[in-house]
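Annotated features in TrEMBL:
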TRANSMEM  6-22  transmembrane segment
TRANSMEM  43-62  transmembrane segment
TRANSMEM  74-96  transmembrane segment
TRANSMEM  170-189  transmembrane segment
TRANSMEM  201-219  transmembrane segment
TRANSMEM  285-306  transmembrane segment
TRANSMEM  318-338  transmembrane segment
TRANSMEM  344-369  transmembrane segment
TRANSMEM  390-407  transmembrane segment
TRANSMEM  413-429  transmembrane segment
């Protein structure tokens, strides 16, 4: 493996270690032993869930390509995943508010394990079913676990500020350390042990099964709106009312969709961007490097969230601007460096610079996750938390599906340019959110079934 990869990984590791070791009392939050036990239990489960997800990440595109599918065919498979997340995942995720968040988390485990099993088949239809199941699982992963955490945190009477500690630690471990280990472990399974690109999916299924056992044995159930007469349509309508009546929630949803849409597009693009001429690149090691960069971002977020200033609404403007600039690098390199026509070999000079830019973007991702979690806990009403969070994923999935459907129509520079523009727009929306963050709402959001009950006498 080229020295360049080790140098980048080593430098990032030193910076992350320095940030963590240099934390002082201002950067730490004093908590109770009961909260520590609760937090550690959640971190164990969340880390196992993310291990099941991250083990698959670097090898999805690679596995499909080894089965002989073209970039267009692979794009269609990715579309199936995001499309199912938008259609079925939104419905399944919203059921968590009524049927129980713990039950939804167990459903995530089962659904994703089944998705992993389908990866053994080279049949396109079977792989398509796996992508549909994976899309449903993704919606549950990014809504049900956070919803369970916030509700359980409040139910146990812990201080609100302590939530930011759990969020930052979850991203640091689950989206950082675990992802690095998963990337290296996947690289070991595929390349060192020569078990093939399907091996990481089998390992992922094992971690998901272990996590499911911990959930079943140690988690209590919690719900959103306890009303027994609220059907799914009413839940959707109530979530729509909440978004329409509160500009903060609407802005938060737009910001999340723009950033995550760009992020998921990047997940599809980074492999062909770094190896446009089939250069030999260590997918697992590069993925681990990205996750180390994400750890750097989450470590910074931990410091920022533990202090009263600057506010999360303020510093996230800069994060979005930096992320927009980082995804412009492939466009800049394409205009400055003539593309190579030599097939194979190691990573190109242009690829090295792009890799550095991608690490900056991943650091922004590490800052984004705990920060957006903190803002969601502040602005989204508890009654329909999972439903509203899945509403946010609808425009996200539409955006990614449109991009992937046209993946053969546009060069990668155009797609990176679109992502950069969307991130810049997210920065503008974040500025607006900062301006109205302390502004009281003109009308408090009321659950739709209560509102209907109040209006009922008028209709008699």
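Backbone N, Cα and C define each Cβ position, glycine as well.
Only residues 6 or more beyond the boundaries of the transmembrane segment (413-429), in the same chain, are considered here, and those with a CB under 8 A from a CB of the stretch are 251, 254-255, 258-259, 261-262, 265-266, 269, 273, 317, 320-321, 323-325, 327-328, 330-331, 334, 399, 403, 407. The stretch in closest packing with the transmembrane segment (390-407), judged by the count of Cβ pairs under 8 Å and taken from 43-62, 74-96, 170-189, 201-219, 285-306, is 74-96. At the 8 Å Cβ threshold, with sequence separation of at least 6, the transmembrane segment (6-22) lacks contact with the transmembrane segment (318-338), having fewer than 3 such pairs.
In terms of C-beta pairs under 8 Å, the stretch of 43-62, 201-219, 318-338, 344-369 lying closest in packing to the transmembrane segment (285-306) is 344-369.
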